[in-house]
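Feature annotations, courtesy of Swiss-Prot:
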type    : residues          : note
BINDING : 46, 49, 81, 98    : isopentenyl diphosphate binding site
BINDING : 88, 92            : Mg(2+) 2 binding site
BINDING : 88, 92            : Mg(2+) 1 binding site
BINDING : 97, 174, 175, 212 : all-trans-polyprenyl diphosphate binding site
């Protein structure tokens with residue numbers, strides 16, 4: 001998830017602190033496991049998920065203060081996200097992540113799985129030490145959602161009767177749940193109006209759904225270099241995303257290509273051409289835009305602040321990834 005660096009200006013120093021802290025938090029005696037666990041954490045990235053948590057913390061505090069527990073929540077969010085990437089790359093046999101070799105490509109599948117498990121365990125430890133039961137419940141549910149989402153995806157590969165509703169349910173579990181719960185948990189850790197919980201939960205939920213839809217568009221339309229990971233990987237695996245599902249309603253030939261599981265050499269390129277020739281990409285973008293609008297509307301009544309503006313800008317930056 002990429003955003004304009006100016007959008008994160010108000011939490012720039014806080015993010016630098018988090019990057020330094022993350023390296024210290026991941027403690028393990030085995031050097032191979034340590035290197036594998038830190039492989040993606042230390043790769044330069046926007047760290048947008050922890051940035052969102054920090055922006056929420058400042059947006060709801062008139063003194064613009066970030067509590068220690070909120071910073072730790074931001075760190076836990078990034079650790080969980082990284083753990084999911086390690087496991088996803090093993091399942092999807094990915095070789096590139098964040099513009100570098102994936103952990104499974106560098107260290108092998110077993111080490112990648114162990115490293116992902118280790119990061120989940122570390123996140124649970126640090127989460128428990130935040131010492132807030134409601135936050136523990138919210139983030140623990142995320143880990144359940146992540147597993148369920150991955151299973152939903154793998155059990156529906158090449159299923160041409162898969163619906164947009166089911167796709168959004170899966171996308172919530174795999175992507176949006178973590179952002180939604182982190183935003184809500186940041187409010188739970190504040191000393192301010194708890195009625196904001198649902199507003200920020202809905203912001204995170206819709207932002208996460210929009211991100212996944214845009215990411216799925218780019219999997220069809222972008223390059224591996226621009227995206228920082230292999231493109232058309234979901235399509236090849238039979239993971240039917242929004243552009244594919246919309247295209248299926250307009251071209252019966254795509255049904256046949258998918259149902260034979262791309263067994264012919266030209267099937268992938270032909271499927272991509274069909275998707276691009278329909279207005280499936282545009283329909284997918286419109287769906288993402290609906291969720292962006294819903295995210296922004298969730299927080300539009302907040303008091304004016306640079307942090308609120310940044311949260312809104314992050315939403316629009318997602319759309320600019322496609323444009």
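Using the three backbone atoms N, Cα and C, a Cβ is placed for every residue, glycine included.
Annotated features, which come from Swiss-Prot, shown on the structure.
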| residue | record | Cβ neighbours (10 Å) |
| --- | --- | --- |
| 46 | isopentenyl diphosphate binding site | 17 |
| 49 | isopentenyl diphosphate binding site | 22 |
| 81 | isopentenyl diphosphate binding site | 24 |
| 88 | Mg(2+) 2 binding site | 19 |
| 92 | Mg(2+) 2 binding site | 20 |
| 97 | all-trans-polyprenyl diphosphate binding site | 23 |
| 98 | isopentenyl diphosphate binding site | 15 |
| 174 | all-trans-polyprenyl diphosphate binding site | 21 |
| 175 | all-trans-polyprenyl diphosphate binding site | 25 |
| 212 | all-trans-polyprenyl diphosphate binding site | 23 |
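Between the C-alpha atoms of residue 46 (isopentenyl diphosphate binding site) and residue 97 (all-trans-polyprenyl diphosphate binding site), the distance comes to 14 Å.
With respect to their backbone Cα atoms, residue 92 (Mg(2+) 2 binding site) and residue 174 (all-trans-polyprenyl diphosphate binding site) stand 14 Å from each other.
Across the residues the record lists as binding all-trans-polyprenyl diphosphate (97, 174, 175, 212), the two Cα atoms farthest apart are 17 Å from each other. Max Cα-Cα distance over the annotated isopentenyl diphosphate binders (46, 49, 81, 98) is 15 Å.
The two recorded residues, residue 174 (all-trans-polyprenyl diphosphate binding site) and residue 81 (isopentenyl diphosphate binding site), show a Cα separation of 10 Å. When secondary structure is read from DSSP and collapsed to three states, residue 97 (all-trans-polyprenyl diphosphate binding site) falls in the strand class.
A coil conformation is recorded for residue 46 (isopentenyl diphosphate binding site) in the three-state DSSP classification, outside any helix or strand. Mapped onto three states, the DSSP output places residue 174 (all-trans-polyprenyl diphosphate binding site) in helix. Between the CA atoms of residue 175 (all-trans-polyprenyl diphosphate binding site) and residue 88 (Mg(2+) 2 binding site) there is a gap of 12 Å, rounded to the nearest whole number. According to DSSP, residue 88 (Mg(2+) 2 binding site) sits within a helical segment.
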